[in-house]
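Working notes for the structure below.
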Amino acid sequence: MSAYAIIAASGVGKRMKLQGSLSKQFLQIGGFPVIYHTLSAFERSASVDSVFIATRQESIELLENMRDEYGFTKIAAIIPGGKERQDSIYNCIELIERQILDSGTAPDAILVHDGARPFIQPDEIDEIAALSAQYGACVPATKPKDTIKFISENDPGYFGRTLDRSRLLQVQTPQGFASKTLIQAHKHARLEQTYATDDAALVEEFFPEQHIRIHETGYHNIKITTPEDIHLAEAILAKLQSQQELTSSKKN
């Protein structure tokens with residue numbers, strides 16, 4: 001099968017409280033930038049043919065240098081992002097649509113991933129891509145560990161009712177969709193100036209008949225959002241590397 005991946009890497013990282021123009025995608029984990037780990041996973045994916053990155057204008061050269069230094073051969077384009085995450089995704093979608101029109105062929109699925117999620121694994125990417133092609137849409141998720149409550153509608157200083165945790169999932173990326181579905185969802189959103197926090201919400205809005213397949217991943221697929229996440233990420237990386245070394249030694 002064939003899949004394209006869009007990497008959203010334009011985030012400033014306000015909650016990281018970074019100084020100057022430093023982007024959270026370039027913070028170091030295990031001696032390498034966050035975005036390096038992300039791109040490495042997609043480079044090793046068997047199903048992803050091309051990767052399109054939307055980033056800040058001042059980060060384009062950094063990513064081009066990283067592509068050349070580490071031999072990320074699947075990167076098809078590194079382009080400026082937009083004002084919001086959704087605008088950045090749309091910029092990549094426009095480029096992909098032009099490529100589809102020029103070539104006459106479309107990928108079976110398009111995956112959209114947060115650049116600040118460095119620990120998605122190649123086999124997970126392949127599974128999500130396959131399910132997206134089979135069912136039209138697939139989103140990774142994991143079970144919440146904490147009890148979740150509504151805020152009171154009458155007084156925001158108090159809780160409302162408690163949600164049934166057994167029926168809740170924390171949504172992650174990469175989110176995968178049939179090419180036409182994702183492209184059209186973003187076009188509708190652009191036309192109607194509708195914004196959502198993720199791509200699945202746009203598909204839910206404009207293609208309600210499209211059921212979205214759940215693929216449970218794990219707690220390793222975190223998004224780097226706050227300073228505390230860097231320490232957690234170092235621990236996750238160490239565990240993943242230990243597991244990989246153990247698997248490799250067993251094969252040998």
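Placement of Cβ uses the backbone N, Cα and C atoms for every residue, glycine included.
Feature annotations, reproduced from Swiss-Prot:
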SITE      R15  site 'Transition state stabilizer'
SITE      K24  site 'Transition state stabilizer'
SITE      R165  site 'Positions MEP for the nucleophilic attack'
SITE      K223  site 'Positions MEP for the nucleophilic attack'
Fewest other C-beta atoms within 10 angstroms, as judged across K24, R165, K223, which are the recorded sites: R165
DSSP three-state assignment for K223 (site 'Positions MEP for the nucleophilic attack'): coil
